[in-house]
């Protein structure tokens, strides 16, 4: 028997992974969660039918979501991860001995439980003593905090279902308020290629641009996400990701990384013309 | 009825495009050629079951294969394209009024005929008066030429079937000989991500490195190729793509491009660590 997982990446494009074993299926109050094992991609996590991570390419996403802000401000002490239930973002943060406090707010405990049981590759550092997990709505959590975090990472799903509240003006305003004066916000910012992702990217960029004096977008190659060309937003009250970049200080941490390096840091902000134009022209349709 | 084209990108990964119409199918002495129309990707060309180009993302490939060498040596006058039967590489070359001679050697006339009839978007400039088409084996063609071309672009399929001869030591040596002392060789160099592509990439890099004093690899994001992370090789007897880069001269050509720009030029050489390591460690298994 051949078993294939298939994701419709748009109405007219689909991507499939041959499956060895269906390890877990569960329906939480928020979403449908599945974990598979495969020859090509190793274990992979699916939420509401969409690839969240595979063991083979998660290093790209997690390198880029964490090391870009950390190399911009190597003095980050207090970090908040919103979403990120697989634990990969927290894992990369725990590699910095200088970070003192890592809060993770994930709405869906079942995602964390499934990752802990089946994907220790990403979930293995959730037990670090500096990490505190909160199982509640990220938008509500962050609304209650003022001037506390040096870094907020929005490691969200697409803006449908439980991820929707993490793409609103109000949410980004709460993040702004929850950051210190040196704070950095990094957010999962969709993709420029297929129109359905590009529209969400432009909406998110427009909203963040209005709030933060510094707002940039950077790219990375994520093979199992639609088109493979994916983006993070970088916004800050003070630090620019290139002008305030500290490559030498970052190298002194001595971290071995498989995707990120200080050249990739710079290159990730050098965007193709059609991406740059979308970002420059982004308005706020809310 | 729903009609889907599906490409197995590895034994365990497949990529599918919903089809509106199967416009052409033909079997030449060399390969199986198909052209489809689709909602998402427009017209697309398939050779031996593999995506060669789609109307939606061909601009990325053709921008990067042509403008990177042209911005490194804006004085290129004589160019040879090996393969490239769809005409997209020639189209980009014809945009430079300074180029005097464009030779294209494509083994399979049926590819050119199909592209001319069904995909004028890429094939529309094959009638430019500076262009001469040769329908013969590229490896044999280039073996007869000495010190003539300023630029050779190897716009080949994967190294199986008729493309195989365009990945050998002997072929690269012929290219070296056919170039002037200022000559540049750009070659389709596969991808670092899935092992089957990565192995071919390492083999090609190792062979070219042994011949040319300057040998680099650069990346671009190609949504319809496996993993979306794809590479070109850049080799030269004289010019380094960054040290001899002429952004200002290139801007003076006044070309509007959708992917390439002078920032992307720089960024495309800033490779992720796992890619850089494969390239640095590439040996020559021949």
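Heads up, the Cβ atoms here are built off N, Cα and C, so glycines get one too.
Bear in mind that TrEMBL entries carry predicted annotations, made automatically and left uncurated.
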Could you look at B:86, B:137, B:181 and say which one TrEMBL places alongside B:62, B:155, B:156, B:157, B:158 in the spermidine site? B:86
Need a hand: TrEMBL gives B:31, B:106, B:137, B:138 for S-methyl-5'-thioadenosine, which of B:8, B:120, B:159, B:162 is also on that list? B:162
Fewest other CB within 10 angstroms, which one of the binding-site residues B:138, B:162? B:162
Rounded Cα distance in angstrom between residue B:62 (spermidine binding site) and residue B:155 (active site, proton acceptor) is 10
Residues other than B:31, B:106, B:137, B:138, B:162 within 8 Å, Cβ to Cβ centroid, of the S-methyl-5'-thioadenosine site? B:30, B:83, B:105, B:107, B:108, B:163, B:166
Over the domain 'PABS' (B:2-237), what is the model's average pLDDT? 97
If you draw a 10 Å sphere on the Cβ of residue B:137 (S-methyl-5'-thioadenosine binding site), how many other Cβ atoms land inside? 17
